[in-house]
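Taking it in order: structure first as structure tokens, then the write-up.
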Amino acid sequence: MFVIVYWFFLLCFSITCLIFVVRLFLHRTALIYVVRRWGEWVEDRVHVHQHFKVPEFNDSTHQENQFYRRVSLYVNSLASIEDSDFTNLFSGKKPNDILLSLDDRQPIHDVFLGARVSWINEIERDDHHKNHAVSRRSFVLRIKKKDKRRILKPYLQHIHTVSDDIEQRRKELKIHHHSNGKWKSVPFNHPASFDSLVIDADLKTKIRHDLETFLKSKQYYHKLGRVWKRSYLLYGPSGTGKSSFISATANLLNYDVYNVNLSQTIDDADLNMLLLQTTSKSLIVVEDLDRYVSERSRSPITSSGLLNFMDGILNFQDERIMIFTMNAKDGIDSDLLRPGRVDMHIYFPMCDFNSFKNLANNYLGVKDHKLFPQVEEIFQSGATMSPAEISELMLVNRSSPSRALKSLISALQSNSRNGGKVAARLSDSVASSPAPPSVVEEAGGAAWKETVPKEFRKLYGLLRLKSCKRPGSLDHDSELMDQ
Ligand SMILES: Nc1ncnc2c1ncn2[C@@H]1O[C@H](COP(=O)(O)OP(=O)(O)OP(=O)(O)O)[C@@H](O)[C@H]1O
Ligand SMILES: [Mg+2]
């Protein structure tokens with residue numbers, strides 16, 4: 001009995017060692033790839049496949065096949081390209097960017113909804129084409145017959161979505177300005193990013209989330225019969241980051257910027273034409289809307305022309321984001337900012353101690369300093385400056401954080417001593433401080449009361465009571481209206 005058990009354990013041990021050695025050998029010598037390939041070959045033999053060819057050019061018209069371009073982008077973005085036997089390397093548009101591209105006649109595998117498919121990029125020579133030889137490229141999709149019905153349509157749709165996304169990310173951004181009713185563009189290279197923007201962290205997350213949700217909501221907007229656009233109002237004193245926010249949003253979404261200058265002598269028709277000429281996936285920006293409104297009597301643009309422009313009624317189905325900026329909301333016609341026309345109101349406050357600490361970290365690389373308590377005390381006494389002024393001071397004194405902080409302390413002290421500039425700024429900030437839902441409820445006005453059910457209004461009232469007025473806050477009213 002003992003001998004049988006002994007031999008049994010010895011056999012198990014020997015088999016385990018053998019498996020271990022074989023695996024090690026296969027991995028070390030890369031023979032594992034050969035074995036896998038055999039496995040795939042065998043699996044391929046036992047299935048019936050169907051092939052779909054995507055030629056680079058349309059045979060009859062010799063026009064470029066747009067789907068070939070999409071497939072090429074998609075295939076070259078697959079992670080499995082790194083396992084391909086032969087891949088080309090190209091430099092991308094951005095520095096240090098290396099792009100991989102599949103070489104001719106190289107197969108590449110992909111998995112979609114649990115089904116394994118493969119692509120191969122073929123190249124055929126046509127020696128009889130008008131007396132000279134031409135190469136015809138194509139991608140061929142190989143898919144198991146049993147999977148075709150289940151995955152083909154969603155897979156092609158998936159290729160569309162992914163390639164759109166890649167194109168969007170690779171696009172070179174432009175900023176457009178208009179003169180004489182025509183857009184002129186220059187490359188947009190502003191480095192602003194959401195990370196360097198100093199605003200309340202929760203607010204930043206909410207805005208990012210709102211933008212991302214908007215981008216994914218095409219079907220939803222269309223189902224509701226609404227123009228697929230989102231509008232933001234940025235308001236707050238000068239130098240608090242409104243324009244930086246616009247640049248950061250353009251960089252985040254990779255959207256072109258169209259800067260609409262309402263003070264130029266344009267009329268309603270020009271404004272409509274300008275809007276029609278904007279492309280999708282763009283930010284349409286109107287800076288200093290309050291200044292324009294106060295000077296409106298001298299402008300050829302009518303009130304309804306402006307409202308139609310803000311509603312984007314001429315642009316169906318396109319993906320646009322509109323951003324309006326102003327220093328203060330008071331005195332602005334409530335219809336102009338009503339929910340639906342402007343979806344979200346974002347307040348940009350003057351600096352407080354928290355924002356100051358973020359700026360000090362960004363500009364001076366200091367998270368803490370012995371002068372911080374003194375700075376905090378001055379902020380608590382009510383003195384303040386705009387992020388633009390503070391960042392400028394820090395930039396000039398960036399070689400010495402102590403010097404930067406001392407200059408800031410004396411600037412804050414002198415501001416609060418003479419009360420002038422700061423007092424003005426403070427009153428500005430208080431006057432335009434966020435009054436989240438209440439202001440917009442007025443803006444929604446009677447129409448809102450007519451169209452929104454009573455229960456909803458009650459809930460809305462409760463939320464209003466709970467919302468607290470914080471600097472850097474967000475008016476959620478319009479979010480609610482959208483739901
Ligand atoms: N919140 C902020 N976070 C980081 N930097 C800021 C912020 N606000 C202002 N700055 C700095 O100040 C500079 C000017 O800010 P910006 O032009 O965005 O202000 P603004 O609110 O648009 O002012 P204005 O109302 O005068 O147009 C920016 O380039 C940036 O360096
Ligand atoms: Mg600005």
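Keep in mind that glycine also has a Cβ here, set from the backbone N, Cα and C atoms.
As annotated in TrEMBL, region 'Disordered' covers the listed stretch 423-444 rather than the other ranges in 181-202, 379-400, 423-444. Residues belonging to the domain 'AAA+ ATPase' (228-352) score a mean pLDDT of 87 in the model.
Residue counts of the domain 'AAA+ ATPase' (228-352) by helix, strand and coil are 43 helix, 27 strand, 55 coil (DSSP-based).
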